[in-house]
Amino acid sequence: MAARHFLTLNDMTTAELEDLLDHASKLRKEWRSGQTRDTLKNRVLAMIFEKSSTRTRVSFEAGMTQLGGSAMFLSPKDTQLGRGEPIEDSAIVISSMVDAVMIRTFAHETVERFATASSKPVINALTDEFHPCQLLADMQTYRELRGSIRGATVAWIGDGNNMCHSYINAAERFDFRLNVACPEGYEPDQQLIEQHADRVTVVRAPEEAARGAQLLVTDVWASMGQEDEQKAREKAFRSYQINPALMAQADKDALFMHCLPAHRGEEISADMMDHESSAVWHEAENRLHAQKALLEFLILNRLD
């Protein structure tokens, strides 16, 4: 049987995604009640990091351990995909020794090429184009706190980046409307917008995007690798901050989410992390449980 990969949300059907999120919620309850699992006993996850991340490493490594398996960390010094050895050669060799491979890198093409040659499941833990693992955590969090997101309105405030792209995919998979508020020149990928034009609206005013929304989401103004653009981005995004005033435009029961790390005083006001609408800490923990469910699904080809 050919390996299943998770490079974008489109690699799973809506039914598969919803089953996975239900299982993730079950895993969260088990873990919080002290139950243990060994469904991935003696299984090994290779974690290739060309972009560093606290949450990604901790959640995947802890997740494999909690399921009875293990994870190995490979830094840029250990791998250097495509520099010296072709990506495809690395994929063939690494996948012959482990049970799954997680990659966090820059170019989305890197994970696509790796997956094509890999005999084991490949997980996109973030590229410059997509961040599907975070969307699993976000959708799990919304379901746990508010129920089904079907028919809801979600407002993305800020840069049309990889997180925004994954929210566009999620709008189709989970059947919600997405309003994207961003300054000119920072829009999401135009082809992606056109493919989902029936669900996605791009506007300039954050207030317009947030009006009546059930979920407000944002990310940093300058992502990793864009540090030299920081000043220009601060100027462009100055009015694209999620704060209590913007939350007041949303539905009275609206949630606020952020994938972290958050820059207080920039994309969010200092008081938003602990605002009554904030689901950020719940969302952050769910990276662990959503990814455990994903690992079981891909490695075992089932959800126990």
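Glycine too: its Cβ is placed from the backbone N, Cα and C atoms.
The DSSP secondary structure for CYS133 (carbamoyl phosphate binding site) is helix. Cβ neighbour count for CYS133 (carbamoyl phosphate binding site) (all protein chains, 10 Å cutoff from its Cβ): 26. Per Swiss-Prot, carbamoyl phosphate binding site is recorded for SER53, THR54, ARG55, THR56, GLN80, ARG104, HIS131, PRO132, CYS133, GLN134, CYS259, LEU260, ARG287, and the stated evidence type is sequence analysis.
Sequence-distant contacts of ASN162 (L-ornithine binding site), defined as residues of its own chain at least six apart whose C-beta falls under 8 angstroms from its C-beta, comprise LEU126, THR127, ASP128, GLU129, PHE130, HIS131, SER223. Annotation source Swiss-Prot lists L-ornithine binding site at ASN162, ASP219, SER223, MET224, citing sequence analysis.
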Cβ contacts of ARG287 (carbamoyl phosphate binding site) (under 8 Å, same chain, 6 or more positions away): ARG55, THR56, SER59, CYS133, GLN134, ALA137
CB contacts for CYS259 (carbamoyl phosphate binding site) [other CB atoms within 10 A, all chains]: 24
Binding-site residues compared (ARG55, HIS131) - highest count of Cβ atoms within 10 Å: HIS131
